[in-house]
Amino acid sequence: MPKIIVRKSRPLKGEVKISGAKNSVLPIMAASLLAQDKVILEDIPPLRDVEVISEVLTSLGANVRKHSDGIIEINSSKIDHSEAPYDLIKKMRASFLVIGPLLARMGRARVSLPGGCAIGARPIDLHLKGLSALGAKIELGHGYVEAKADRLIGDKIYLDFPSVGATENIMMAATMAEGQTIIQNSAEEPEIVDLANFLNGLGANIKGAGTDTIKIQGVKKLGGVRHTVIPDRIETGTYMVAAAITGGDVTIKNALTDHLKPMIAKLKECGVEIYENGDEIRVNASNGINAIDIKTLPYPGFPTDMQSQFMSLLSIAKGTSVIIETVFENRFMHVSELNRMGANIKIEGHSAVVQGVKGLQGAQVRATDLRAGAALILAGLVAEGTTEINDIYHIERGYVSIENKLRNLGADIERVE
Ligand SMILES: CC(=O)N[C@H]1[C@@H](OP(=O)(O)OP(=O)(O)OC[C@H]2O[C@@H](n3ccc(=O)[nH]c3=O)[C@H](O)[C@@H]2O)O[C@H](CO)[C@@H](O)[C@@H]1O
Ligand SMILES: C=C(OP(=O)(O)O)C(=O)O
């Protein structure tokens, strides 16, 4: 099994370029099922998750062509299947995002229930509540969701929690519904805005994406479009923390600073210097790290997908930090691995109390999920000796060549088979 080996590294220096956002690409590729004409997507990161969603689309009858330069062409004009089987959904929860577009396009969809994962149970009740409100008949059985609707009709849908995936699924299903759909308490993440821009490019009529109320006026048909996905704000944040934890000076290119407000604010609170310049951001951390408190929240709050990376940083800060996780009920799997590396972190319910230590020690550890894996790489950069990270397939779901990007900044890191 491949592993990542990290040794204590000098302060990172240099430039790194951010790839297209995983969490934009996946819903946008699912949404391409709605398009009657060719879709061309640019800046597509070569990630495992992108391969999985490509397989899902292909299994539904779409033609997916990958070019070497980060361009993917998708032709869904002849989709002829409406079933997404367990074998594909189990590889990646985001595959469940095909249910909304399939229902809108084919009038039916049979999609495996995604199940939970290391970070929580992750139910899909809000997705189904929204699709039912649009008129779909939903049946659950044998591990599958079956949704049927001769026609979808717009409605007002209030989400009990601003779920990213539910907002996306409902928004996609509503694009071709009769009349207007209003999603209240919708998620406001930048990836929702990117998806809405993509859908509007196809001919949809969506207003309000990026706020807590999205209005979708149904249209008869969607065409094709050429679309460039937004840069990955979580990858950006991860390299910002890599610079900070090593006391380095790194310039990050292709960064949308507007999407990074909580990360920038929290790093500044830690005593890190941040310089914003167009789509570049420079992170300089020569003065040590102060303890801070963090609470994860839906956007524009502090992202749960950056919680574990900041925990690595705060594990070597001066003083005690408290991190409260409010989005997922079980997103502290990295704590025991960080403690094995010498961190002093205690979990109390939804909070982690991080008592900063003088230094970490390299150890054999396991990436329990994508961001937990990233956090362990970050910890490995400053730990004495060697850190061996196992189960790195999680990391490769969401980070493009993380070992090469970090090595170019001076990190002592390699991926071994
Ligand atoms: C592919 C993708 O974009 N993944 C992101 C997306 O996941 P995802 O779309 O799965 O996350 P959600 O926003 O839906 O989930 C947030 C919370 O709502 C709960 N919930 C969600 C749906 C539902 O029907 N019922 C329900 O109770 C979840 O269990 C969780 O506790 O947003 C998360 C929150 O920013 C990120 O961590 C993930 O990286
Ligand atoms: C939790 C994540 O992704 P997913 O929703 O695909 O599991 C993530 O990107 O950190």
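Glycine is treated like the rest: Cβ placed from N, Cα and C.
In TrEMBL, annotation is done automatically, which means it is predicted and not curated.
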Identity of the UDP-N-acetyl-alpha-D-glucosamine-site residue among ARG65, ARG93, ARG151, ARG366 (reference: ARG122, PRO123, ILE124, ASP125, LEU126, ASP305, VAL327, source: TrEMBL): ARG93
By Cα-Cα distance, the member of recorded positions LYS22, ASN23, CYS117 nearest ARG93 (UDP-N-acetyl-alpha-D-glucosamine binding site): CYS117
Pairwise CA distance, VAL327 (UDP-N-acetyl-alpha-D-glucosamine binding site) versus CYS117 (active site, proton donor), rounded so that it is a whole Å: 14
Of the binding-site residues listed as PRO123, ILE124, ASP125, LEU126, ASP305, the one whose CA lies nearest the CA of LYS22 (phosphoenolpyruvate binding site): ASP305
Among ASN23, PRO123, ILE124, LEU126, ASP305, which are recorded as binding-site residues, the nearest neighbour of CYS117 (active site, proton donor) by Cα: PRO123
Alpha-carbon spacing, ASP305 (UDP-N-acetyl-alpha-D-glucosamine binding site) to ASN23 (phosphoenolpyruvate binding site), which is rounded to whole Å: 11
